[in-house]
Amino acid sequence: MNIHEYQAKRLLHEYGAPIANGVAVYSIEQAEKWAKKLPGPLYVVKSQIHAGGRGKGQFKELGPDAKGGVRLAQSVEEVVANVQEMLGKTLVTKQTGPEGKQVNRLYIEDGADIERELYLSLLVDRSVGRIAFVVSTEGGMDIETVAEETPEKIFTLPIDVTEGVTSADCARLCDALELHDSAREDGEKLFPILYKAFCEKDMSLLEINPLIVMKDGHLRVLDAKVSFDNNALFRHPDILELRDLSEEDPKEIEASKHDLAYVALEGTIGCMVNGAGLAMATMDIIKLYGAEPANFLDVGGGASKEKVTAAFKIITADPNVKGILVNIFGGIMRCDVIAEGVVAAVREVGLKVPLVVRLEGTNVEQGKAIINDSGLNVIPADDLDDAAQKIVAAVKGA
């Protein structure tokens with residue numbers, strides 16, 4: 001689960017991280033009211049959407065010469081003018097896709113006198129089985145670009161979970177970020193704080209880009225991105241309250257209600273598969289034969305008829321879907337249950353696109369019989385290769 005920048009900053013501030021004064025606003029009236037309470041004279045107006053690249057983004061409704069989704073203002077009047085221009089508009093960034101995201105809230109905060117911009121993140125390093133700091137002196141830009149062009153400028157430090165962040169760890173991080181004097185003292189306080197927040201709140205990613213050294217020599221968290229482990233949200237009701245459903249795909253929200261692993265993609269062939277590995281293989285072979293998957297959908301190993309029906313409805317709710325491939329290898333999951341769910345769903349929502357079903361494993365003959373006896377226009381397939389070729393051909397011929 002992702003949260004907005006202003007929510008991430010508030011959370012980190014509760015642990016003691018240094019942030020600027022700021023307030024989230026939802027209207028022009030709120031913007032004017034709260035901007036007057038900030039010290040100024042420099043303000044930053046930030047679009048709040050779940051996507052990066054906001055500063056370089058473009059609003060669909062504005063001209064190509066308009067400013068992006070993060071703007072500086074020299075007065076309260078400029079703040080209000082920017083809010084009026086940005087609020088309710090659709091911001092397109094490299095992470096939103098061409099459809100963009102509507103800006104329903106803005107974050108207004110004090111400006112900062114920046115001396116240097118740094119990069120810092122915490123993540124789970126699966127190669128060593130530890131939480132690791134990833135830092136760089138090249139902040140304020142895409143870390144992927146830094147990794148590609150100047151990988152030597154990235155320093156990774158796995159943390160021993162039994163010891164936590166030690167003074168030696170802090171020293172190594174400070175050295176990597178070239179922190180001195182007041183900034184070094186701030187860093188020695190900040191690193192353990194961030195690690196504690198990451199662990200206690202079950203984060204999957206904590207990214208600060210940039211972490212700045214101000215002209216007065218102190219550190220400040222200038223931007224923050226936080227993601228949480230969905231599997232741990234049951235023990236964090238306070239975090240769940242921060243969820244912004246308007247930022248999520250409605251189909252993914254519906255899938256989560258049925259405990260389905262669903263990710264919307266941009267292709268035309270809907271996929272319903274059991275098992276993440278088989279789901280990825282299914283998407284790969286669809287691409288191999290010249291088409292694109294419309295989604296990743298894993299119904300899991302013990303799905304019921306109702307769960308399968310819900311999964312089918314979610315797939316058919318996507319207007320981009322021109323064909324559906326059901327690929328089931330029954331182990332724990334029984335093929336007859338899948339077949340009953342597919343038949344029930346098709347009868348309920350109708351079938352307006354080609355449907356290919358490949359079943360193998362437990363109760364496969366019963367499953368095939370259920371589909372054959374249903375009278376539905378379903379294309380059977382013998383194996384994965386056969387299934388992929390048939391659905392791609394059906395979609396291209398439609």
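Note that Cβ sites are derived from N, Cα and C of the backbone, with glycine treated the same way.
Taken from Swiss-Prot as is:
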type: BINDING; residues: K46, G53, R54, G55, E109, A112, E117; note: ATP binding site
type: BINDING; residues: N209, D223; note: Mg(2+) binding site
type: BINDING; residues: N274, G331, I332, M333; note: substrate binding site
type: DOMAIN; residues: 9-254; note: domain 'ATP-grasp'
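Mapped onto this structure are the features recorded in Swiss-Prot.
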{"residue": "K46", "record": "ATP binding site", "Cβ contacts under 8 Å, 6 or more apart": "E5, Y6, R54, G69, V70, L106, Y107, I108, E109"}
{"residue": "G55", "record": "ATP binding site", "Cβ contacts under 8 Å, 6 or more apart": "G68, G69, V70"}
{"residue": "A112", "record": "ATP binding site", "Cβ contacts under 8 Å, 6 or more apart": "A20, L42, I212, M214, R220, L222"}
{"residue": "E117", "record": "ATP binding site", "Cβ contacts under 8 Å, 6 or more apart": "G139, G140, P210, L211, I212, L222"}
{"residue": "D223", "record": "Mg(2+) binding site", "Cβ contacts under 8 Å, 6 or more apart": "E5, I208, N209, P210"}
For the binding-site residues listed here (I332, M333), which one has the lowest count of neighbouring CB atoms within 10 Å of its own CB?
I332
On a count of neighbouring CB atoms within 10 A, which of the binding-site residues N209, N274 is highest?
N274
With every protein chain in view, what's the tally of Cβ atoms within 10 Å of the Cβ of E109 (ATP binding site), excluding that atom itself?
22
Give me the CA-CA distance between M333 (substrate binding site) and G53 (ATP binding site), in Å, as a whole number.
42
So the record assigns K46, G53, R54, G55, E109, A112, E117 to ATP. If I measure every Cα pair among those residues, what is the longest distance in angstrom, as a whole number?
20
Other CB atoms, at most 10 A from the CB of G331 (substrate binding site):
12
Count, for each of the binding-site residues G53, R54, the other C-beta atoms lying within 10 angstroms of its own C-beta, and report the residue with the smallest count.
G53
Distance in Å spanning the most remote Cα pair of N274, G331, I332, M333, given for substrate:
10
Taken over the domain 'ATP-grasp' (9-254), the model's mean pLDDT:
94
G53 (ATP binding site) and G331 (substrate binding site), Cα-Cα, nearest whole angstrom:
44
